[in-house]
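Undergrad: Pulled the feature table from TrEMBL, pasting it below:
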type	residues	note
COILED	B:113-170	coiled coil
DOMAIN	B:219-502	domain 'Aminoacyl-transfer RNA synthetases class-II family profile'
BINDING	B:T311, B:R342, B:E365, B:N475	L-serine binding site
BINDING	B:R342, B:T343, B:E344, B:V358, B:H359, B:Q360, B:F361, B:E429, B:I430, B:S431, B:S432	ATP binding site
SITE	B:T477	site 'Important for serine binding'
Amino acid sequence: MEEWSADLPRCGEPKLLRLNILAASQVYTVVVFFYCSSPGTNMRPQTARGYTCLFCASDLGQSARPKKAISSQWRANSTSTAARPSTAPKPVLDIKHIARNPGLYSQNCLLRNYPSFSQHPFDILTLTQRRAELVKQSLDLRTKSKESSKKIEKLRLTERDSEKKGMLDNKIMAALLASAQSAKKELSAYTTELEDIEAELDRLAAGLPNLSSVWTPEGDEAKTLSTYIPPGSKLEAGESHVDIGVALKMLDFSSAAQTSGWGWYFLTGPGALLEQALIQFALSKLHARGWTVVVPPSMVYAHIAAACGFQPRDQHGEHQIYTLQQPERDEGTKPQHVLAATAEIPLAGMHAGKTFEPAELPLKTVAVSRCYRAEAGARGVDTKGLYRVHEFTKVEMFAWTPPDAAADAPGAGANFDTTPSAAAAGHSASTAVFDEMVALQRELLTALGLPHRVLEMPTADLGASAARKVDIEAWFPGRTRASGAGWGEVTSASVCTDFQSRRLGTRVRRRDGEGLAWCHTVNGTAMAVPRVLAALLENGWDAAERRFTVPEVLRPWMYGVDVVKV
Amino acid sequence: MGLQWCVSGTTLQTLKLASIPSLSPSRFAPPKTLTLDFFFLSRHARVRRPPFQVLARALSAPAMAFQTATPPEEKVAKPQWKAAIDFKWIRENKEAVAANIKNRNSIANLEAVLQLYDQMSNLQKEVERLRGERNVVANKMKGKLDPSERQRLIEEGKNLKEGLVTLEDDLLKLTDELQQEAQCIPNMTHPDVPIGGEDSSVIRKMVGNPPQFSFPVKDHLQLGKELDLFDFDAAAEVSGSKFYYLKNEAVMLEMALINWTLSEVMKKGFTPLTTPEIVRSSVVEKCGFQPRGANTQVYSIEDSDQCLIGTAEIPVGGIHMDSILSESLLPLKYAAFSHCFRTEAGAAGSATRGLYRVHQFSKVEMFIFCRPEESASYHEELIKIEEDLFASLGLHYKTLDMATGDLGAPASRKFDVEAWMPGLERFGEISSASNCTDYQSRRLGIRYRPSEPSSAIPKKGKGSLAPPKFVHTLNATACAVPRMIVCLLENNQQEDGSVIIPEPLRPFMGGLGSIAPKSG
């Protein structure tokens, strides 16, 4: 290990790093040297979580030049067996940065609960070194073979011009020809290996989770940022929305179990109205704030979902999203469809392959869609009722921002300010939109009168694409008995930095006109209907009177239904 | 909207059936309960289908029972469920059923059904006979017996048992085969339905006139582009052709159409519903749609027995599956909101551009469960609701009584509404209302118990409980969003490029009166 760490690319002062590496089911502690240029950087990799690498201060997401394909073959290798249309965006991953900071990425895998991937950054380093060797060797070979072909040519010319025909040294000629032949063979072997390495590098890099932000707590403990309890209410235990909803004839689980299975439901009567009211309430709020409203398709190509960080199975082998069976005539010729688990997927894909002008960003959209989830979820309290279901309606916010400071900040355009201090001060454009999303989420929940708390989610709870995630949990009186804690997630907001845009090819022209940068993407729940509906039923239930009161803000869409009684 | 997924020839279909329970448990039923009176047909009567050679062989050589247990040539897919088909009624009305099959261009094979049915009933009798004999032998053995006599009886009982096992096995296979064939028979057609192909459909009603434009007419694609309402290009990258994103006012229009429709039909006593959009494929079949095969309109989920719904008719039909409703609950009227998914296999032509024919769309669907004698009047009510909705949006439309060749297998009668679409310069289907009588309820097992006993003489013991009867089901489109958007944009376009929003939808769009081109 000592040996290769000495070969690490140098970009500044040497740093010492202690790492736990998982290999062959064993944890090895390894000491690694790093060469880092930023003097104030802490050595521990887990603190390097800004949008800029704290190790080498290299600009994550800065160089967004379209990548030249090495060959068409490695692309074919790097994708799954399903067909991709030729127009599908090609992922451009920052392999250079990973190879420069393997310890950082490895530690990130461990913190993000991707232990089986923690060796991959080191594999990437090894592969890039081998790639460099091969490139050098094949260059040498090319030079040599050029020289020898010159020699051969010269000999032939000599022979033709010479009067001593047949006097040529056949042995020399044969040796030259043989060496040219073997050089050609060697060269093609190098090319093959290079292609394989490119494919493997791409595969390994694509699987790595995004780096985590400076705000994200390490480990699996979330940090509570704030708690809101409506005036006059208390956090008390109460009846479950399942009992309330069935008694009020607003929910029907047993019919849905017959038609579809467990984890499905019918919303009936006032329940169905409440869903429409929640959608309208959220959409009208956001539309009024200037967000662009969209209805996206729910069926998307598998490679688009994968680019957004959604695989048919997650890193633990859990079935995450529904794949649709392909008609026989399309097998192998058309890309496979999956059902979108969230509108984030079709929204992110909406501008795949696009280059934005700086003035177009930030672009803020809000979508209403049906979401489909294959995962059964943890056994126990969550599996009952509306909390964890196979399909639901959701209003989702999604935004594209430049990777730098807010677009309208004067003078910010010339330099992409990616220093962690700028990000921490809230100057980055993606952070600004992120803050706006969380504020909107809180506003909607407050207007509905739901007690809630805002959590900065820890590394272990972040999805592959997120650099930062804030969840809001509402108080569910019905969840207190079974789980001991009445809080349950109702919204989530994530900054994905350039994770999705690198995979979908979404770029922005730099304001100084010099080249392109990767966009940052931000997503957040505006209204996850069944969970909010469940929270409303449990919080708005009057057990003594056996009635549910519809929140004031939803009444414009309830056609006169203010109270639902048993 | 385009509910033509069942060309009657290629779909599942049904029959009238007796109110006897499904025949599958007959293996365990005591012999005396079987009181079917069929003609006697030779039990060696040949069915044209190869699987029954197994049967003939088994009948003549009981010793081959073990070989027939898993015949290698078996190709008949075992039905997962059974339709309560009234075979007796079919046989008694053979000519009418045959004529109906012909009128609907169905591939159902009535002769095969009748032959199979006779074979099955004969086999059933044979099984009963053997069971009886075995009981006789068993009874004989109860008393004191000479050892040689006992041995003879044991032998005889053993032989009978072996023969019985074989026959029961054959009976099960025969029952499956009969179901397979009989499920292809389409619903009987309402006597007023015109006979013939699409051209034979009769116009019931025509409302309004095509709008006159003093400027070049744009189609909805062009209007949508100019008003920034759709994105088909992005959808082609993300999901493929015939997918779309709705943007800006088109989203508000969708929300307004859904909510306005729900609020209107609620006034008519319909209960709003949000349904599952993933269902078991058996429910799809029971509603009369074919979830498999090369030309299926149904998307299936990989590695599961589930499908995406093509219409909310499917989950709503399933909501009361396998139950007996109390008569006082009827009629049950639902207005279900859902997304619908269709493969649109084989769809081609000029109307495939834009929003007219798409893989996914939102729809509000009306569905009624009612007593049989009321279904015709509810069918009229449904078409009236549709016509009123379209009239209040100011559409120029016509209502058609669809001819036999255009009916899906479940429908006894179907009314389509076609609205004028200036972009297509013709009428295009925007909704459809079908009376499925008991076709779906016989498959879904939805019955009701009449509160008044039907027979004058109450049976002893069970009191005066009337036997349950199958309900009738009806379905009708209240609003298929994309085609409504096509109609509204194309019919209400103005010379300045804007589109007027019909009065009733404005309160649902925050008071917006028109969609104007975005400045800049």
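Numbers run from 1 along the shown chain.
Placed from the backbone N, Cα and C atoms, the Cβ positions cover glycine too.
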Undergrad: Check the Cα distances from B:H359 (ATP binding site) to each of the recorded positions B:T311, B:R342, B:T477 and keep only the ones within 10 Å.
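TA: Matched recorded positions: B:R342, sequence order.
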Undergrad: When you measure from the Cβ of B:E365 (L-serine binding site), which residues in the chain that are at least 6 apart have a Cβ under 8 Å away?
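TA: Correct list: B:T311, B:A312, B:E313, B:V316, B:A335, B:A336, B:S338, B:N475, B:A476, B:T477, B:A478.
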Undergrad: Near B:H359 (ATP binding site), how many other Cβ atoms are within 10 Å of its Cβ?
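TA: 22, counting other Cβ atoms within 10 Å of B:H359 (ATP binding site).
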Undergrad: Compare all C-alpha positions of B:R342, B:T343, B:E344, B:V358, B:H359, B:Q360, B:F361, B:E429, B:I430, B:S431, B:S432, the record's ATP binders, and send over the largest distance in angstrom.
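TA: Farthest-apart Cα atoms in B:R342, B:T343, B:E344, B:V358, B:H359, B:Q360, B:F361, B:E429, B:I430, B:S431, B:S432 are separated by 19 Å.
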Undergrad: Which whole-number value in Å describes the distance between the Cα atoms of B:R342 (L-serine binding site) and B:F361 (ATP binding site)?
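TA: The separation of the Cα atoms works out to 9 Å.
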Undergrad: Using only the residues recorded as binding L-serine (B:T311, B:R342, B:E365, B:N475), report the maximum Cα-Cα distance in Å, whole number please.
TA: 18
Undergrad: According to DSSP, folded down to helix, strand and coil, what is B:F361 (ATP binding site)?
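TA: Note: B:F361 (ATP binding site) is in a strand by DSSP.
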Undergrad: Identify, in sequence order, the binding-site residues in B:H359, B:F361, B:I430 that approach chain A with a C-beta to C-beta distance under 8 Å; the answer is 'none' if none do.
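TA: From B:H359, B:F361, B:I430, the ones near chain A are B:H359.
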